[in-house]
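K.L.:
Questions regarding the structure given below will be posed in turn.
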């Protein structure tokens, strides 16, 4: 009886962790979805985008689905422990096992993608630069996307300020977006000399660096969630068998 009570408490703890992880992942997925200023939105106007990059714009749906499933699983595991339902516990175990396998596969994909992220983005570098020189300053949606991302990442253009050479934004003058000059600069508008002196990093390099840095955080969180899932599967099976012996 004491052992059964301990197992139920452990199930609550593990499933509480799964439930909170699901809520966090769901929130991130919704945030990515509604973030219209995402740098990936710019890829919609670029031709010849590699398949690996074009699929990244759908990552929000994957996060929302995974978060929702983890929420349901956390609730299902708690209910199974309270009601001592073998059916719920077995269903919980099977779903967790499937998600565990999917997470392992996802981790492998993330690891591989992190290593080739720079190469994939390099393939669209010229397309992004052409897009800027053709439409930045005249096409409202594209101009807004670039402005939002340059402000968010603290970057300028694809590689540097020269990406805006010949763009409609410049017109007859050699001016650049203010993001291409240091924030402390009092010169307005941003001219070629000030932009060259400021040496603001390109958005492509900033994005690749952010992906590589965040992938380490994501990997750490994934390892933590995986450990909780393994422990929850073990406890659910022990409780499942214990309930079976009472019947």
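Every residue, even glycine, has its Cβ placed from backbone N, Cα and C.
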K.L.:
Looking at 191-215, 216-240, which one is transmembrane segment according to TrEMBL?
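P.N.:
Going through 191-215, 216-240 one by one, TrEMBL gives transmembrane segment for 216-240.
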K.L.:
Which range is it, out of 59-82, 131-154, that shows up in TrEMBL as transmembrane segment?
P.N.:
59-82
K.L.:
Residues sitting near the transmembrane segment (216-240): Cβ under 8 Å, six or more positions beyond its termini, same chain?
P.N.:
4, 7-8, 10-11, 14-15, 17-18, 21, 77, 80-81, 84, 86, 89-90, 92-93, 96-97, 99-100, 103-104, 106-107, 110-111
